[in-house]
Amino acid sequence: SFIGEESVAAGEGSILTDNPTWIIDPIDGTTNFVHRFPFVAVSIGFVVNKKVEFGIVYSCVEDKMYTARRGKGAFCNGQKLQVSGQEDITKSLLVTELGSNRDPETIKIILSNMERLLSIPIHG
């Protein structure tokens with residue numbers, strides 16, 4: 001099976017089944033791309049039995065290839081990636097993305113989530 005992000009975004013329905021399925025977003029960061037903001041990637045995932053088996057993200061502007069495989073870790077240009085190990089959220093930097101849906105109910109949920117995040121004493 002095949003699921004394309006651009007077709008789903010255009011309103012076409014999509015159902016994830018147990019079948020082996022490619023999930024592809026050829027311009028991940030479409031809004032960034034349209035505005036010439038240089039954070040754009042090609043994202044590809046492969047799912048079997050509704051579980052992600054591997055994923056590949058190519059950050060075009062940075063020329064970085066991120067890969068990950070279930071149980072094998074994640075890599076950037078072949079170098080193993082590690083999480084920071086920071087367990088204290090007050091010493092963390094949080095990053096979020098608001099999405100493009102401007103439906104009033106969705107905006108309420110997003111703002112509520114943002115309010116909860118902003119009340120945490122974080123670095124930024």
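Yeah, the Cβs are placed from backbone N, Cα and C, and that goes for glycine too.
Taken from TrEMBL, the feature Mg(2+) binding site applies to Glu5, Asp25, Ile27, Asp28.
With a cut-off of 8 Å between CB atoms and residues at least 6 apart in sequence, the same chain places Ile23, Ile24, Asp25, Pro26, Asp28, Ser43 near Glu5 (Mg(2+) binding site), listed in sequence order. Ranking the binding-site residues Asp25, Ile27 by the number of CB atoms within 10 A of their own CB puts Asp25 at the top.
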